[in-house]
Amino acid sequence: MTTLLIDNIGSLVTNDPTLDAGPLGVLRDAAVVVEDGRIAWYGATSAAPAADTRLDAAGRAVIPGFVDSHAHLVFAGDRSEEFAARMSGTPYQAGGIRTTVTATRDATDATLKSTVTRLAAEALRSGTTTLECKSGYGLTVEQELRSLQVAAEITDEVTFMGAHVVPPEYAETPDDYVELVCTAMLDACAPAAKWVDVFCERGAFDLDQSRAILQAGIARGLQPRVHANQLGPGPGVQLAVECNAASADHVTHVSDADIAALAGSNTVATLLPAAEFSTRAAYPDGRRLIDAGVTVALSPDCNPGSSFTTNMPFCIAVAVREMHLTPDEAVWAATAGGARALRRDDVGHLAVGARADLALLDAPSHIHLAYRPGVPLVAAVLRNGEIVWQTKEVTS
């Protein structure tokens, strides 16, 4: 057993509400001891026990690694021209997904693996240590299974999303596609996934179709999540609560009844601020959700069409500026909130026995993540207690 002491931490975010140190449980002049990839101790630097090795944080802020609970990384092709068209006034429509479906079906395994690996590494450099990844750009039995197998190379949090949109070959017979998803596709894909997701939205899947798909996934041992209420008011949030989904994602257009349902449930509302940023859509009112008692997570929603970024610090800044979260709330949502959205208790916070996933910031406080938007503040990232990325300055 080897131990690592990280000391001289200027500001340590623990997300431990029992410390009587604000909602983030912030400790000053702190230290952390890691043993065999897990948190073994944390507290004041002056009380830190000895360890085999030492990392001097040099006054930096240290936070739990970000937990990204919503990502679409298995794809091929480029939709930058679609983005440019939106910036020229063309409204966003979910149908653009079909463009990526064609490119993904035509791509080699090597191409898909290269893209996923590159984007996961990009997310890691911005502090993300836990990452969910969905299928959804194959939309045949064979292609969806391939996408899940590619996703499994970078994460255990693999989501089957054959119900992303109805593929072109089923445009006239969408119920036949739903039947395929509920039977042969899930039979083949469920063993390769942990979660089942559905885009419950106009232009995608209606309430009855979405419910049937989620129930078919649940019957095969998958846990549900829902893309809900992104493009307009709809039944997605209520369906998510009905199915005890881990999360309802987007939640841009929600009613008082939707918010009350979320607040009284175990379903997390995952906000995806980069999607609104990239589509010029109205932002959901995060303040309204939090004040009502809804548990909120943040995610970049990395995908090639409506939000092509993996950068959680950017999302924190946008959530503070446009969704009216405080910096503390946004950092909590990007760490502990994401863990709640994945129903994980071993990441997103510091506790003895939790996974030692940490990000060191070139800043004295986590507030700088919102205060200095666009600045690459992540100086080092630890996953399972090992430094997996760092700038030269951290150890020089």
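Glycine residues also receive a Cβ, built from the backbone N, Cα and C atoms like all the rest.
Pulled from Swiss-Prot:
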type    : residues                              : note
BINDING : His70, His72, His227, Asp301          : Fe(3+) binding site
BINDING : His70, His72, His227, Asp301          : Zn(2+) binding site
BINDING : Arg79, Tyr137, His164, Gln230, Ser306 : 4-imidazolone-5-propanoate binding site
BINDING : Tyr137, Asn303, Gly305                : N-formimidoyl-L-glutamate binding site
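For the recorded Zn(2+) site, residues His70, His72, His227, Asp301 set the reference point as the centre of their Cβ atoms, and the other residues of that chain within 8 Å of it by Cβ are Ala71, Lys134, Asp249, His250, Leu272, Ala275, Ser299, Cys302, Asn303, Ser307.
Taking the binding-site residues His70, His72, Arg79, His164, His227 in turn, the residue surrounded by the fewest other Cβ atoms inside 10 Å of its Cβ turns out to be Arg79. Cα separation, Ser306 (4-imidazolone-5-propanoate binding site) to His227 (Fe(3+) binding site), rounded: 14 Å. Of all Cβ atoms in the shown protein chains, 28 besides its own fall within 10 Å of the Cβ of Asp301 (Fe(3+) binding site). In this structure, His227 (Fe(3+) binding site) is part of a beta strand by DSSP.
Long-range Cβ contacts of Gly305 (N-formimidoyl-L-glutamate binding site) within its own chain (separation 6+, distance under 8 Å): Arg79, Glu82, Gly96, Ile97, Thr99, Thr100. Taking Cβ-Cβ distances under 8 Å and a sequence gap of 6 or more within the same chain, the neighbours of Tyr137 (4-imidazolone-5-propanoate binding site) are His72, Val74, Phe75, Ala76, Ile97, Thr100, Val101, Thr104, Gln143, Ser147, His164. When other Cβ atoms within 10 Å of the Cβ of Ser306 (4-imidazolone-5-propanoate binding site) are tallied across all protein chains shown, the result is 26. Within 10 Å of the C-beta atom of Asn303 (N-formimidoyl-L-glutamate binding site) sit 25 other C-beta atoms, taking all shown protein chains into account. Annotation for Gln230 (4-imidazolone-5-propanoate binding site): same-chain Cβ neighbours under 8 Å, separated by at least 6 residues, are Glu201, His250, Val251, Thr252, His253, Ala275.
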